[in-house]
Structures are given as structure tokens and as C-alpha cells.
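TrEMBL annotations:
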- 5-210: domain 'Phosphoribosyltransferase' (DOMAIN)
- Arg78, Arg103, Asp130, Pro131, Met132, Leu133, Ala134, Thr135, Gly136, Gly137, Thr138, Asp203: 5-phospho-alpha-D-ribose 1-diphosphate binding site (BINDING)
- Ile197, Gly202, Asp203, Ala204: uracil binding site (BINDING)
Amino acid sequence: MRVHVADHPLIAHKLTRLRDDRTDSPTFRRLADELVTLLAYEATREVRVQECEVVTPVATTRGVELATPKPLVVPILRAGLGMLDGMVRLLPTAEVGFLGMVRNEETLEAHTYANRLPADLDRRQCYVVDPMLATGGTLVDAVRYLVDLGADDITAIVLIAAPEGIARVEEALADLQVPVTLVTGAIDERLDENGYIVPGLGDAGDRLYGVV
Ligand code: URA
């Protein structure tokens, strides 16, 4: 897996505000939205385009447009929804599929409870969005799921990743023939005994949408 840490002072500034436990939900949502737009700019550096012709008021010239099939954005419910708007603002013609995954807080394993994806992802570039890469179980399952449906290039965009999660994804997907890229705003110190990222930002879903 290719790992890219988006090293930019604006990203670091917004992440610091996001981590702050005094940041309320509306501000948290706005910051997550702004961050994903900045991360997505990096993450889409290799989005596929095809040549096209464009007529300007002055002349006809060559340009590019997003290639077909269009990229697929896949937010992991529920926290990934907080990153969806920022993604589709940058890729307005992308399609969106949903994966509902929840972590069993005892085993820390991911369980899929909902799936709204196109049946055929043949030759699709997929952008998986989920704020936290913690144990890595969710991302491993999501990537395998998308590859089984035909996706041939996967980029995961997260706000914060844990070293343990990155190592697990790398190990679990070592045999995969499909390129996987991780774009993250930061790599934190470690996971705690409850599977939370330290220092992290707490439970991203709760901070976006309230405690359930
Ligand atoms: N999920 C979260 O929302 N936060 C963590 O720190 C780990 C997993």
C-alpha cells in the first residue's frame, strides 16, 4: 500500500482544531468537510481522465474530462458521511456507494450491516472515505469487498491513521493485485486498549453527529 501523509500547514491547523475536545459538532463538521477537500486534492492526483475537445469563445482546443466509468466515492457509514460532501464537491460527476460497517467494541472486528453499491465495479477507481484508520479491520474488509466487485484501483482517505492500523492493512492486503493508496492528514502515536487512536480526536461519529 502506498501511504501519503498530506503534510500541509493548513491541514495541520484544521486537524488541531478538530482534535480539541472543546470543538462543538457544527464546527467539527465544517472542519472535517474542509479537511476532506484538501486531502481529496492530493488523493485525486491520479484520477483517470480522457481527452476531449472544448470550444472556447476564441478557438477549439483539447482538454480532459473525467474518464468513464466515473470514479466511485464510498463513505463508510456512519462517520464517513461527514466526508462525503467535501469529496463530491471536488468530484461532482462521481457516483456514490455506501458501506455500513460497525466495529464490535469487544473484539474490535468490523461487521458489515448495510451495502448500497453498484453490482459491477468493473475497472472502477474507488475512493473510500472514513475519518479514522484505527485497527484497520474496516478498511481491509471494505477494500476486499470493492475488489471482489471488480474495482481496480482504490484510494482510502482518512483524517487520522494509527501505525497499528496501517501495518494491519499492509499485511492483510499484501497479496492483492489491485493498487491501494492511503492518504491521511496525520499518523498518530498508537492505539489504546479500547482501539481508540492516541491522541486522536475521540469517536469521530459521535463528534460529528452526537452520541448513539
Ligand atoms: N474510531 C473513532 O471514531 N475514533 C478512534 O479513535 C478509533 C476508531
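The backbone N, Cα and C atoms fix where each Cβ goes, and this holds for glycine too.
TrEMBL feature annotations superimposed on the structure.
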residue: Arg78; record: 5-phospho-alpha-D-ribose 1-diphosphate binding site; DSSP class: coil
residue: Asp130; record: 5-phospho-alpha-D-ribose 1-diphosphate binding site; DSSP class: coil
residue: Gly136; record: 5-phospho-alpha-D-ribose 1-diphosphate binding site; DSSP class: coil
residue: Ile197; record: uracil binding site; DSSP class: strand
residue: Gly202; record: uracil binding site; DSSP class: coil
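Of all the binding-site residues in the list Gly202, Asp203, Ala204, the shortest Cα-Cα distance to Asp130 (5-phospho-alpha-D-ribose 1-diphosphate binding site) is found for Ala204. Within 10 Å (C-alpha to C-alpha) of Asp203 (uracil binding site) lies none of the binding-site residues Arg78, Ala134, Gly136, Thr138. With a cut-off of 6 Å between Cβ and the nearest atom of ligand 1, the binding-site residues Arg78, Asp130, Gly136, Thr138 reduce to an empty set. The binding-site residues in question are Gly136, Gly202, and the one with the fewest Cβ neighbours inside 10 Å is Gly202.
Ranked by how many other Cβ atoms sit within 10 Å of their Cβ, the binding-site residues Asp130, Asp203 place Asp203 at the bottom. Cβ proximity to the uracil site centre (mean Cβ of Ile197, Gly202, Asp203, Ala204, cutoff 8 Å) flags the following additional same-chain residues: Pro131, Met132, Tyr196, Gly200, Leu201, Gly205, Asp206, Arg207. Cα proximity to Ala134 (5-phospho-alpha-D-ribose 1-diphosphate binding site) (within 10 Å) is found for the following binding-site residues from Ile197, Gly202, Ala204: Ile197. Other Cβ atoms within 10 Å of the Cβ of Met132 (5-phospho-alpha-D-ribose 1-diphosphate binding site), summed over all protein chains shown, number 27. Put simply, of the binding-site residues Ile197, Gly202, Ala204, the one whose Cα is nearest the Cα of Arg78 (5-phospho-alpha-D-ribose 1-diphosphate binding site) is Ala204. Using Ile197 (uracil binding site) as the reference Cα, a 10 A cut-off selects Met132 from the binding-site residues Met132, Gly136, Thr138. Take the CB of Ile197 (uracil binding site) and look out to 10 A: across all protein chains shown you find 27 other CB atoms. Confidence over the domain 'Phosphoribosyltransferase' (5-210), given as mean pLDDT on the 0 to 100 scale, stands at 94.
Note on proximity: of the binding-site residues Met132, Gly136, Thr138, the one nearest Ala204 (uracil binding site) is Met132, by Cα distance. If you take the C-beta of Thr138 (5-phospho-alpha-D-ribose 1-diphosphate binding site) and look for same-chain residues 6 or more apart in sequence within under 8 angstroms, you find Ile76, Met101, Arg103, Ala110, Asp130.
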